[in-house]
Amino acid sequence: MFASLSSAWMLRLKKYGYWIWLIAVLGIPLSYWWSLGSDYPNAWPWLVISVVFGLIPILDAIVGRDPANPEEASEVPEMEAQGYYRVLSLATVPLLLGMLVWSGWILAHETRWDWVGQLGWILSVGTVMGAIGITVSHELIHKDPQLEQNAGGLLLAAVCYAGFKVEHVRGHHVHVSTPEDASSSRYGQSLYSFLPHAYKHNFLNAWRLEAERLKRKGLPALHWRNELIWWYAISALFLLGFSLAFGWLGAIFFLGQSVMAFTLLEIVNYVEHYGLHRRRLDNGRYERTTPEHSWNSNFLLTNLFLFHLQRHSDHHAYAKRRYQVLRHYDSSPQLPNGYAGMIVLALFPPLWRAVMDPKVRAYYAGEEYQLTDTQRI
């Protein structure tokens, strides 16, 4: 639909189109208000999650792809220097946290919902916190300014996944697309095999990496300068606050939306790196990370919602680039739909493998010998 636009018009469209994330955040209170007086009060809490995973994949196919890249010499420096894009991403933080607290209050006081409506509410809020909150935190923790670092950490603390702040930058980006990385799914590996290992390894590896950082400074692992202690303490304060304010239902709400949010994150990791690997060189090291080591998805609509997260190939090759100047590479392996559609597909391993395994084999045509059991484990 928009692929024929000139690069200049596409960049202008996206500059203001990134505010589309507000639809996801406002979808939570809107779904509640629309439920008032409804004959089906337990259906409305499921609205957001239903739209994300039911309607968005269809809209991605209709709206189409975005091939436009900013011009490297003239447009990229100007766009990276514009404070507008930073304000846009940082604006998500107070609105998401406000939405989270308000949603907990609604769950604790809404008497028309039975467990079905309550479950839909928790999953919908978790979907927004995962899709928007963790996506923005991912953008922020890669940047140097302390404000952005702290804002990203706060969003992760709000979903009990602060370890991502350490492990993603110092672990995943170092070992991506190798057997050493728990966030890089192997060829032939199902989502349900991937998730438990990702949860466990990424939590433990975050603590290991932070302990190593402190050791280099001559400090013990359990030291007040261990940032994970502080971030997890904030998560504990969130839990305590929700429990005191909204009772046991508030605690379930906070923990439930957290699990939904960080599970979405790990499913996206599964999608982003499935079956791709960096070759081991003669010296025992792995080849340098390039845009060819992550799946790219260039569907415009979801890229606007997710701050160009789907241009993941460029992100891994150049992690410090800001979201507004991430590039599309035709040479990168390409996903057949946006992340929402790919997440749904990943939930059904036979369908996932029927679609994705041929794409992996085609991408490594002539090098299929690398897709062995040893590469998968």
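Positions of Cβ are set from backbone N, Cα and C atoms, glycine also.
Residues or ranges marked as Fe cation 1 binding site in Swiss-Prot (evidence: similarity to another entry): HIS138, HIS142, HIS168, HIS172. For HIS173, HIS312, HIS315, HIS316, the entry in Swiss-Prot reads Fe cation 2 binding site. The feature transmembrane segment is assigned by Swiss-Prot to 17-37, 43-63, 87-107, 116-136, 236-256.
Annotated features, which come from Swiss-Prot, shown on the structure.
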residue: HIS138; record: Fe cation 1 binding site; DSSP class: helix
residue: HIS168; record: Fe cation 1 binding site; DSSP class: helix
residue: HIS173; record: Fe cation 2 binding site; DSSP class: helix
residue: HIS312; record: Fe cation 2 binding site; DSSP class: helix
- Query: Quick one: do the transmembrane segment (236-256) and the transmembrane segment (43-63) reach 3+ CB pairs under 8 Å, ignoring pairs fewer than 6 apart in sequence?
  - Reply: no
- Message: Counting across all protein chains present, how many other Cβ atoms fall within 10 Å of the Cβ of HIS173 (Fe cation 2 binding site)?
- Response: 16
- Message: Please report the distance from the Cα of HIS168 (Fe cation 1 binding site) to the Cα of HIS312 (Fe cation 2 binding site), rounded to the nearest angstrom.
- Response: 14
- Query: Rounded to an integer, what is the Cα-Cα distance in Å between HIS172 (Fe cation 1 binding site) and HIS315 (Fe cation 2 binding site)?
  - Reply: 12
- Remaining residues near the recorded Fe cation 2 site, that is with C-beta within 8 Å of the centroid of the site residues HIS173, HIS312, HIS315, HIS316: VAL176, GLU272, THR289, SER294, SER313, ASP314, ALA317, ALA319
- Which whole-number value in Å describes the distance between the Cα atoms of HIS173 (Fe cation 2 binding site) and HIS142 (Fe cation 1 binding site)? 10
- Note on the structure: Here the Cα-Cα span from HIS316 (Fe cation 2 binding site) to HIS142 (Fe cation 1 binding site), rounded to a whole number of angstrom, reaches 11
- Task: May I ask for the distance between HIS315 (Fe cation 2 binding site) and HIS142 (Fe cation 1 binding site), taken between their Cα atoms and rounded to an integer number of Å?
- Result: 10
- CA pair HIS142 (Fe cation 1 binding site) / HIS312 (Fe cation 2 binding site), Å rounded to integer, equals 13
- Task: Could you tally the C-beta atoms, other than its own, that fall within 10 angstroms of the C-beta of HIS316 (Fe cation 2 binding site)?
- Result: 20
- Surrounding CB atoms that lie within 10 Å of the CB of HIS168 (Fe cation 1 binding site), all protein chains: 23
- What same-chain residues, at least 6 away in sequence, bring their CB to under 8 Å of the CB of HIS312 (Fe cation 2 binding site)? GLU272, SER294, TRP295, ASN296, SER297
